[in-house]
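Read through the structure below, which is laid out as structure tokens, and then see the notes.
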Amino acid sequence: MVEQAVVFLSEMIKKGIQMDIFTCNNILNGFCRIGLVDDAVLVKDRLFIKEGIELDDVSYNTLIDGYCKARDLKKARELVVKMIEEKNLSPDIVTYNTLINGFCKTGNFDEVNKLMDEIEILGLEPNVITHTTLIDRVCKMHGIDEARSLFGKMLAHGILPDVVTYSSLINGLCKCKHLTKVKILFGEMEESDIVPNHVSYSSLLISLFTAGNFLEALSLQSKMVVSGIALDLVVFGILLDGLFKVGKANEAEKFLETLLKLPIVPNQVIYSAVVDGRCKVGDMSGAEAVLEEMEKTNVVPNVICYSSIINGYFKIGMSDRVFDVKRNMVSKGILPNDILYSTLIDGFFKASKTDLAHKAYQEMLERGFEANKFVLDAFVNNSRKGGNMKEAEEYFTEMTRRGLIPDCVNYTSLVDGLFKVGMESVAREKVSKMPEKNLKLDVVICNVLINGYLKLRKFDQVQSVYSYMMQEHIAPDQVTYKTLINAYCEWGNLEKAVELWHELKINGVRPNSVTCNSILGGFCKAGNLNGVVDLLDEMVSLGFCPNSVTYKLVLEASSKNGRADTVFKTHERLLQMGFKRDKMIYNTLITVLCKLGMTRKASSVLEDMTRIGIAADTITYNALIYGYIKGSHLKKAFSAFSQMSVAGVVPNAVTYNILIGGCSNAGSMHKADDLLTEMLKRGLIPNASTYNSLVSGHGKKGDNKKAMKLYFEMIPKGFAPSTGTYNVLISGFSKAGQMFQARELLNEMHKRKVLPSSSTYDILIRGWYELSYQPDLNTLARNNYRRKALELFEEMDTKRFGPCKSTVICVSNILARGGRKEDARKLLDIYKITKRKKKRMPISSQNEHEIGGKKREESSEVFQHP
């Protein structure tokens, strides 16, 4: 080809066709553009130089650019030397920009730095292209801080960035999820009259969808149209993929309809996005239809399309269908690759078909594919799900030995699993090895560490991880703030939670509903209703849409002072913030009022509700019935129950449990039993609450036989009796003098991990004490019963339970009768002091003595087992 070109050009010269430098440069450029740089150099040497045509700097820059694009940077550098030494031509900034771009693409930044030094020595001025090239490459290497520094230096030198510079920086910021900073850059571009280009908009669109801000993404798309940026296949691909991924399938389908009306033929990328999107929403027939459409338009489906369909069938529980899909794919000449095998392995594991997952893995290896990061994650996640982290570690070690280099996601899955099974030291060891693998900790693994240490209540370690994030410029995300704010609110450290809330806003992180409700819950718990309302106003201004959880939190907080006017005032304020007068709102309001015992006001709310056309439902009537039961108005509760039937509202198990509980408390056990019969006739299944009420009710009535019969019914069904239920049963046996049976019930409590209360021990101690005073009891038995009472008192004291007055009197009598009068006196004195302190102690101080929901009182200290 070169020989033909030389002959052809020679003929041109012979025929007198004038060859100027412009023509020569065009010929050289033609060769270089099709990758024949060496041939271009031969033409230069064998024809142009021979004919006495003097090459200029453009000629050399063209050849240098050709070698740079061919990644032959050594020859590019040699041409620069020839240019200087043989032709006495000085390389200009174009020459250096070309070389810098070439070395940047190969990642040889040492050579780039040398070139920048040469530019300075030669007195050349780096221009916008120089800086843009450096910024673009640094951004692609995820060195966003360095890129911003270069951008700042560029501005400091008076070099104005162009649209390409901004696009490079925007792309880098988007990849690092710095959306707020991207929006600032877009604003700067508008102020500088620089119109964002296709690349700028595309980068931001992808980031907005990734962050879940689909409304902002659609707004940006509209802005693109207004700005005259054409919606091509790339943009349509981003929109379709993004909308499907955020669950907006209808909107995605509308964009697809728009695309199909345009004179643009969808390509493989578009079809792949639609297949994947439809699979994600479970529309498998729609996904299969796309494959048929692709065949009609001669667009060949790739293995990614089939992987999406296989994944879709796994998600809807049709794992058997994946074999047909795979066979169909192979029959069309499309062979499985590592991505498809990864999908199969992960899907089979999730479908609990472990054998098939292992079989797919073996087939993958036999076909010459090595395990990849997705396969490793599938194996680790499956082991993690079963809590078998030893197995997960073995997979990790084996695949790493086979040459797989795990990434941050693999380490994150492993570390998360290790924390969950309490293997903190192993988790820390794995994290410490990440830098050896050239892996930097990212925000996701930092979140796992924070969450793990929080569960272990290792607050210093939590702070250490957070400090590391700040030092390494790892921006906390929504999950980081949600986890920490929720934790601080739970611990009552509202000040720290608020500090993080302000930091979150400054850093441009959009809080989600969980974060907002967590900090609102913190204010509610602290009783700061004014703070709640102010914070809610602020959240609404940030774009937060309050939900049912928000409404319930705030309304319940307003009810703490027990005043209806405060509740209604808060209700109206919340309606002004955008809450609709719907069934959820009215049910919550009625429930809160009924919990306060304000059933009349709740009834008036029900009347308002029905007047505006909102029908009461089971939740509404359950709240009213509960309110009447709480106020001991059993007749009114049954009246509301009858009204419920008249309104055609079907009662559920909760309705019957509330009524059975009310009847049991009132001692109306015939009614309670009738309700149980009616409940069973309706096909409703009694639960632990039902049995607890019935057992307690019959026990309180003294019908121990019926109570125990129900107890033996509930145990095989897997229902654990409550502490109160056990206390009633133990009390029944104690009153009957059957203390061995009563003590056995305490053992049952321990077996079933039902925590006894101070009342449990009070009942048992008094039972043994009273049994020891039975007439005709021999001395050995009497002393044995009293010793058992003392043993229980010792156990009670160990658990830090405060005894009641009668228990103290019983124990002091036993001590006195056993010759320990001084100990008996001390015990009575301590009880009196403790009781006096409790009377004087403010409520807040009493709460400080509560640990794990149980009040801790002073130990008797005088008790010693005789």
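Yeah, the Cβs are placed from backbone N, Cα and C, and that goes for glycine too.
Bear in mind that the values here come from a model prediction, so they are computed numbers and not experimental data.
Among the features that TrEMBL reports, compositional bias 'Basic and acidic residues' is placed at 847-859.
What TrEMBL lists as region 'Disordered' is 837-866.
Here TrEMBL flags 20-55 (among others) as repeat 'PPR'.
The annotation repeat 'PPR' is assigned in TrEMBL to 92-126 (among others). Confidence in the repeat 'PPR' (92-126), given as mean pLDDT, stands at 83.
Look at TrEMBL and you will find 127-161 (among others) tagged as repeat 'PPR'. Tertiary proximity for the repeat 'PPR' (127-161) is limited to same-chain residues at least six positions away from its ends with a CB under 8 Å from its CB atoms, namely 93, 96-97, 100-101, 104-105, 107, 112, 119, 168-169, 171-173, 175-176, 178, 192, 194, 473.
Feature annotation from TrEMBL assigns repeat 'PPR' to 162-196 (among others). Away from its own ends, the repeat 'PPR' (162-196) comes close to residues 128, 131-132, 135-136, 138-140, 142, 144, 147-148, 151, 154, 203-204, 206-208, 210-211, 213, 227, 229, 475, 477, 507-508 of its chain (Cβ-Cβ under 8 Å, at least six residues beyond either end).
Residues 163-164, 166-167, 170-171, 174-175, 177, 179, 182, 186, 189, 238-239, 241-243, 245-246, 248, 251, 510 of the same chain lie 6+ residues outside the repeat 'PPR' (197-231) yet bring a C-beta within less than 8 angstroms of a C-beta in it. Residues annotated as repeat 'PPR' in TrEMBL: 197-231 (among others).
Per TrEMBL, repeat 'PPR' is recorded for 232-266 (among others).
For the repeat 'PPR' (302-336), the number of residues in each DSSP class (helix H, G, I; strand E, B; coil) is 24 helix, 0 strand, 11 coil. Per TrEMBL, the feature repeat 'PPR' maps to 302-336 (among others).
As annotated by TrEMBL, repeat 'PPR' applies to 372-406 (among others).
Under DSSP, the residues of the repeat 'PPR' (442-476) split into helix, strand and coil as follows: 26 helix, 0 strand, 9 coil. The annotation repeat 'PPR' is assigned in TrEMBL to 442-476 (among others).
The annotation repeat 'PPR' is assigned in TrEMBL to 477-511 (among others). The list of residues near the repeat 'PPR' (477-511) in space but at least 6 beyond its ends in sequence, with Cβ under 8 angstroms from a Cβ of it, reads 177-181, 211, 213, 443-444, 446-447, 450-451, 454, 462, 466, 469, 518-519, 521-523, 525-526, 528, 539, 542-544.
For the repeat 'PPR' (687-721), same-chain residues at least 6 beyond its ends with a Cβ under 8 Å from one of its own Cβ atoms are 653, 656-657, 660-661, 663-665, 667, 669, 672-673, 676, 679, 728-729, 731-733, 735-736, 752-754. The repeat 'PPR' annotation in TrEMBL covers 687-721 (among others).
Taken from TrEMBL, the feature repeat 'PPR' covers 722-756 (among others).
Secondary structure by DSSP for the repeat 'PPR' (232-266): 26 helix, 0 strand, 9 coil.
Per DSSP, the secondary structure of the repeat 'PPR' (477-511) breaks down as 26 helix, 0 strand, 9 coil.
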